[in-house]
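Each remark here refers to the structure printed beneath this line.
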Amino acid sequence: MKAYAKANIFLKLTGFDSRKYHLLESRFILLKDVFDELELVDKESDSKKEFEIISNFKCENNIIQKAYLLLSRRYNNELKELFSKKSLKLTKNIPVCAGLGGGSSDCASFLLLINETLNLKLNLQELINLSIQLGSDIAFFLSGFHSANVSSCGEIIEEFEDDIPNLKWTFPQISCQTKAVYDEFDRGIFDFQKNNNQAQIYKKLSTKELLQNFKNKELNDLFTPCATLYPKMKSYLQEDFFLSGSGSSVFKVDR
């Protein structure tokens with residue numbers, strides 16, 4: 001099963017919820033050319049792990065492990081039987097700490113894979129309700145939408161009929177830590193009401209219109225704090241690249 005990456009075309013921070021998590025308004029688009037792959041493979045006879053992930057990526061305590069534990073609360077016997085014979089193979093291609101949602105997409109694909117394999121018959125809303133307990137962005141990947149306006153903490157998704165130009169991507173060898181970038185944003189000067197007003201305009205425009213008519217700093221509230229924390233990102237900010245998420249992946253319209 002393919003776990004596709006995403007890009008944020010705009011990302012506006014609009015407040016905090018009761019847990020002090022940031023509220024956002026964003027346009028997510030699916031990147032069909034950038035993906036990880038998940039599959040169930042026969043378990044090696046000498047493996048002692050109850051749930052084993054085989055990967056080219058360090059997987060201890062990652063979000064898939066958390067999803068497995070969450071599902072185990074309701075489907076412990078079914079999962080134990082499945083993973084007594086199978087291991088999960090995860091092939092990572094999506095750059096890590098790059099603002100492309102790789103971990104969230106992997107988690108969504110794992111939930112879909114288990115739902116299908118064990119015939120759990122969980123509907124989309126039930127899967128989204130599970131995903132809210134695991135992290136943001138997962139709901140978008142569960143939806144299967146190619147483009148959507150996403151709000152709150154990532155769990156409210158509205159499909160958007162979009163016009164998406166070809167994008168040319170650059171993946172800097174810079175690991176941008178999401179929490180650090182958000183913390184840097186919080187140290188700056190911001191106006192949540194202004195951000196929300198801008199977001200309401202952006203939500204009505206196509207991706208093509210957004211990238212043609214607005215500057216990178218206007219579209220993504222995290223670009224300036226990202227460049228402050230990671231000075232090598234400043235050149236991309238100055239050269240009119242657009243930032244996905246909290247970085248470090250950047251893009252331009254491929255003209």
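Note: Cβ is positioned from N, Cα and C throughout, glycine not excepted.
Source: prediction; values computed, not measured.
Residues or ranges marked as active site in Swiss-Prot: Lys6 (among others). Listed in sequence order, the residues of the same chain lying 6 or more apart from Lys6 (active site) and placing their CB within less than 8 Å of its CB are Phe28, Ile29, Leu30, Leu31, Leu100, Gly101, Ser105, Asp137, Phe140, Phe141, Ser244. Annotation note: Lys6 (active site) sits in a strand segment as assigned by DSSP.
Under DSSP, Asp137 (active site) is assigned to coil, being neither helix nor strand in the three-state scheme. Packing around Asp137 (active site) is summarised by its Cβ count: 25 other Cβ atoms lie within 10 angstroms of its Cβ, all protein chains included. Residues annotated as active site in Swiss-Prot: Asp137 (among others).
What Swiss-Prot records for Pro95, Val96, Cys97, Ala98, Gly99, Leu100, Gly101, Gly102, Gly103, Ser104, Ser105 is ATP binding site, and it gives sequence analysis as the kind of evidence. In the three-state DSSP assignment, the secondary structure recorded for Gly103 (ATP binding site) is helix. Around Gly103 (ATP binding site), a 10 Å sphere centred on its CB holds 23 further CB atoms from the protein chains shown.
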Gly99 (ATP binding site) CB neighbourhood, other CB atoms within 10 A: 26
For Pro95 (ATP binding site), the number of other Cβ atoms found within 10 Å of its own Cβ: 19
Residues close to ATP site centre defined by Pro95, Val96, Cys97, Ala98, Gly99, Leu100, Gly101, Gly102, Gly103, Ser104, Ser105, Cβ within 8 Å: Ala5, Ile94, Gly245
